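As structure tokens, the structure follows; a few thoughts come after it.
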Amino acid sequence: MASKDVEEGVEGPICWICREEVGNEGIHPCACTGELDVVHPQCLSTWLTVSRNTACQMCRVIYRTRTQWRSRLNLWPEMERQEIFELFLLMSVVVAGLVGVALCTWTLLVILTAPAGTFSPGAVLGFLCFFGFYQIFIVFAFGGICRVSGTVRALYAANNTRVTVLPYRRPRRPTANEDNIELTVLVGPAGGTDEEPTDESSEGDVASGDKERDGSSGDEPDGGPNDRAGLRGTARTDLCAPTKKPVRKNHPKNNG
């Protein structure tokens, strides 16, 4: 009831962690809107330090954070019973593993360096079985060590680090100029393109040139269509006729 009375008497945005008015100290840490839009940076930093989360549980946006180690480290932080048990289990497994590896190595060296007939085949087989089962135990214990060490490491980091939350940067939306981009065809280099004109286009150009020459005055010649065809043939023959090179009289080949 007291929290509801406080929320009803507050005007403006409310921090979703402490349920108090944010004021000018609030930040927008993620893409959430509405009641989860603004939060106190101190409240969110404390929550992230304890929970060791890196993203918002609602919008799944990763927080922009900066982690700093405290100047005075707390080597033995306050822990619950389960955490104390996990720490004790971790230390016991590590000590047992080191002692077992040392004993197995020492026994193996003794067997290898002992003279022939010192140990019976049964004793050697028993040692090998014990060593194999012990290695299996070490493998499974190593998995438990990794799991417990992760919990202990998170607890140690939560008590000796400070997380600072930075404001959220919303993705930049494209502007109107970027949406209305038009593609333009680039013109080739000066001097024309490499494509050759087709036969149809060349014939059309020749025909248009003939029409311009024949119909410039607007009147047909006296000879009629046959004369025009003859003129076109003559013009084409003159244009296509090869040019003769001048012959030099004083050239030695010509004199011979």
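Indices start at 1 and increase along the chain as displayed.
Quick reminder: no glycine exception, Cβ is built from N, Cα and C everywhere.
Positions annotated as Zn(2+) 1 binding site by Swiss-Prot: Cys15, Cys18, His40, Cys43. The local packing around Cys18 (Zn(2+) 1 binding site), expressed as other Cβ atoms within 10 Å of its Cβ over all shown chains, amounts to 14. The DSSP secondary structure for Cys18 (Zn(2+) 1 binding site) is coil.
In the three-state DSSP assignment, the secondary structure recorded for Cys56 (Zn(2+) 2 binding site) is coil. What Swiss-Prot lists as Zn(2+) 2 binding site is Cys30, Cys32, Cys56, Cys59.
According to Swiss-Prot, the compositional bias 'Acidic residues' annotation covers 193-203.
What Swiss-Prot lists as compositional bias 'Basic residues' is 245-256.
Taken from Swiss-Prot, the feature region 'Disordered' applies to 179-256.
Over the topological domain 'Extracellular' (105-124), the average per-residue pLDDT in this prediction is 80. Summarising the annotation, Swiss-Prot assigns topological domain 'Extracellular' to 105-124 and lists sequence analysis as the type of evidence.
According to Swiss-Prot, the feature transmembrane segment maps to 84-104 (among others).
Only residues 6 or more beyond the boundaries of the transmembrane segment (125-145), in the same chain, are considered here, and those with a CB under 8 A from a CB of the stretch are 89-90, 93-94, 96-97, 100-101, 104, 107-108, 111. The transmembrane segment feature in Swiss-Prot is assigned to 125-145 (among others).
Summarising the annotation, Swiss-Prot assigns zinc finger to 7-66 and lists sequence analysis as the type of evidence.
Here the Cα atom of His40 (Zn(2+) 1 binding site) is found 13 Å from that of Cys30 (Zn(2+) 2 binding site).
Least crowded of the binding-site residues (Cys15, Cys43, Cys56, Cys59), judged by neighbouring Cβ atoms within 10 Å of its own Cβ: Cys59. In sequence order, Leu36, Cys56, Met58, Cys59, Val61, Tyr63, Tyr168 constitute the residues six or more apart from Cys30 (Zn(2+) 2 binding site) in its chain with CB-CB distances below 8 Å.
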